[in-house]
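Asks: This is the structure, below, for whatever I ask next.
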Amino acid sequence: CTVIFTRLATRDLHKPISILFCNLAVSDLFTSFSGFWIAMLFITNPDITVFGSKDMLAPYALYTTSILSTVYNLVSIGVERYLAVAESMRTRFRLARNHSIAVVFINWVLAFFLGCLPLMGWNCLHAERSISVLYSPFCVNYLLFIAFPNCVLAFIVPLFTYLRIIIILRKRKLRMKACGQATGTYKSAEIQVARTSISIWLLALVSYAPFFAGVIFDATNRRCHADLYPGVYIFRNCTAMLITINCLGNPVLYTLKLRTLGAKLKALRCLSAKGARACTI
């Protein structure tokens, strides 16, 4: 919420990449909200989160939608950063903002469509044979359909984009060095991009790999729910906690650079106290 408020209230942050950052925060907020919803259902009626119920379809669908939106946003941010480095400044500034709005719209439409397929009928309320033991009443084939292509998308596309950014920056640095010009800016940018990309990969790997492993376990397991209780469901809850940690880590990596955020919030307080003309953000 702090990220969303800061992005919307600060004029100099109304840039194309800021649209994607703000949308990523909205996706993380939806993930946290749907996770809280599932947790409350577990507290009030634990059996429906273990054995499945029609009441779990809506919170699980929202949870899946928010996770998919987060994945698509992370991929979009990587692509935008690559285009920002590869293309000219004029082209980027004129076109990228409209593109960012279109990408946000497409991301949510795709995430809602794929995430709400169980609400449209692709569920296992009346098909016990292919039911998931971890996410009942979802079907195993639906989880495989969602997990495999999106995991490939989440890992392959950012890998390509960030590696290409590092290569472009290094080539420009070497070109400027050959001409006898200063290369400190490109060297600093290269180091920052490398650190950020490594952090993204580690956070995504730690957060989503256990969930992917759980889907594979679902596909290969043939035992009933009672035989797996409670160890497997403890593992499921841990994967949900890791996904929440990813929601907390995204603002730190992309937006909440603490000193910058503190300066922005201080400027916003100055605006409210002295008026817009007394303090320029």
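Any Cβ shown, glycine's included, is placed from N, Cα and C.
Per TrEMBL, the features are:
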- 1-254: domain 'G-protein coupled receptors family 1 profile' (DOMAIN)
- 17-40: transmembrane segment (TRANSMEM)
- 60-79: transmembrane segment (TRANSMEM)
- 100-122: transmembrane segment (TRANSMEM)
- 142-167: transmembrane segment (TRANSMEM)
- 198-217: transmembrane segment (TRANSMEM)
- 233-256: transmembrane segment (TRANSMEM)
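Are these features on the surface or tucked inside, and what are their neighbours?
Replies: Within the same chain, residues 17, 20-21, 23-24, 26-28, 30-31, 33-35, 37-38, 100, 103-104, 107-108, 110-112, 114-116, 118-119, 135, 138, 146, 150, 153-154, 157-158, 161-162, 200, 204, 243, 246-247, 250, 254 sit at least 6 positions outside the transmembrane segment (60-79) and bring their C-beta atoms closer than 8 Å to a C-beta of that stretch.
Listed as Cβ neighbours of the transmembrane segment (100-122) (distance under 8 Å, sequence separation of 6 or more from its ends, same chain) are residues 16-17, 19-20, 23, 57-58, 60-69, 72-73, 76, 80, 137-139, 142, 146.
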Asks: Given the model, what does the mean pLDDT over the domain 'G-protein coupled receptors family 1 profile' (1-254) come out as?
Replies: 78
Asks: Report, as numbers and ranges, every residue of the chain located at least six residues beyond the transmembrane segment (233-256) whose Cβ falls under 8 Å of a Cβ in that stretch; write 'none' if there are none.
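Replies: Same-chain contacts beyond the ends: 2-3, 6-7, 21, 24-25, 28-29, 31-32, 35, 38, 50, 67, 70, 74, 77, 134-135, 196, 199-200, 203-204, 206-208, 210-211, 214.
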